[in-house]
Amino acid sequence: MQRVNQTLRQLPVWVVYLLGALPAPWLFYQGLTGGLGVDPIEALEHRYGELALQLLIAVLAISPLRRFIGVNLLKFRRALGVLTFAYVSLHLLVWLVLDVQVPSQIWADIVKRPYITVGMVAFVLMIPLVVTSNNLSVRKLGSRWRNLQRLVFPAAILGGLHYVMLAKGFQVEPLIYLSLIIGLLLLRVPFPRLLTRLRRADSA
Amino acid sequence: GVGLAHLAQGASAQEALEPNAWEEITSYNNYYEFGTGKDDPVRYAHALTTEPWSVRIDGLVDNPGDYDFKDIMSEMTVEERIYRFRCVEAWSMVIPWNGFELADLLNMAGVQEGAKYVAFETALVPDEMPGVRYPVLDWPYREGLRLDEAMHPLTMIATGIYGRPIPNQNGAPLRLVVPWKYGFKSIKSIVRITVTDVEPPTSWNMANPREYGFYSNVNPNVDHPRWSQASERKIGGGLFAKRVPTLMFNGYEKEVAGLYEGMDLTKFY
């Protein structure tokens, strides 16, 4: 594991930014030139959304990976988080500009359609995260920064839920995303500590 | 058949309908038996055996039985109908179907007194349909029409597109086409037609009655709970396709509005 971590340490963060950013223009180009099929608007919207969820799952996996397997990817967490937000924004932009098009309908959709409301709340929760994703904020906010960054947990659940809610019929793929998200969050619950505390409370 | 061709022309006369390309019509499909992705049907539907094919026609008919597809075709007069096709997901195409009126087929079987509805069923072949491994819907896929809707001259059974046999992903060898209803009513690869006196259960209505009614007429004034039905995206316009307003009964209001006189269409959606 040490050798894995040593190799990872040599990988510069900008490589992650670059590799993570590449699909955005590539997919857009594909959409323009027919590579995304005959309904490129829906395809682009969905592909950006799926990439955002995949990156989000990667972000959530970093701390359990270190704790349970010993692989240290902490160095790349900020990059993956910022990329997640970028793809959520692109997903939202495609929806606004290319899909819905009518500005008056956008607000109506946000208020009236629960899956859109849920998606929008997830997006809004992520704004403070990306705004404070710099060293200055980490220093200035101190321990509050850690607490603030926990907003990623509700944002992730809402993001997964958004996908489940928009599926027609009973579909497996969105449920896999949501289960992965919930599973990764459950790994963070300190069950043994909770148990001891409960036991202590019992005997007292 | 004569009256029907006339009606169809009346509908298309409002606006010259420019059919979508073969490639568009046959590569972007909802056929969940082959998967929920739009490109799953074109990838997997070739596995479906469509020859031989027979359709069981039963219920309140004079001549119930298993009808061989070839025998049906030898009795029917195939004509071309260029219809708008509006999916409940708010996209649309224009498709040049080849086929015959459903009424002609029902008359061949002989509809009996007291019949009120017609129920349809899609083939269920797990070995050839990878999508039915998952309970996306309660298989087999089922649809239904009121008898007057089924006998309406616009309602057809399609067996071809652009003069070629209908591809598997579009519902080979024969499918329903009801142009004033959302696309999911136009059930594919039919193996059974039952004439009945009770409203038959229909797949999407069983899955989510709040979102999908028995009628499911195209109606820009009644939204799907999760999205607006006021406008649609015409397939083929590329990445910057403008949305266009959705027409009442998908543009066939003159021909079919009479079927629903006095009905509250927000209740019977």
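Think of each number as a place in line: the chain as shown, counted from 1.
For all residues, glycine too, the Cβ spot is worked out from N, Cα and C.
As annotated by TrEMBL, domain 'Ferric oxidoreductase' applies to A:50-159. Taken from TrEMBL, the feature transmembrane segment applies to A:12-31, A:51-68, A:80-98, A:110-131, A:151-169, A:175-191.
Of the two recorded stretches, the transmembrane segment (A:151-169) lies close to the transmembrane segment (A:51-68), with three or more CB pairs under 8 Å once pairs fewer than 6 apart in sequence are set aside. With respect to Cβ pairs under 8 Å, the transmembrane segment (A:175-191) is most closely packed against A:51-68, considering the stretches A:12-31, A:51-68, A:80-98. For the transmembrane segment (A:12-31), same-chain residues at least 6 beyond its ends with a Cβ under 8 Å from one of its own Cβ atoms are 40-41, 43-44, 47-48, 51, 55, 75-76, 78-80, 82-83, 86-87, 90. Sorting each residue of the domain 'Ferric oxidoreductase' (A:50-159) by its DSSP state yields 97 helix, 0 strand, 13 coil.
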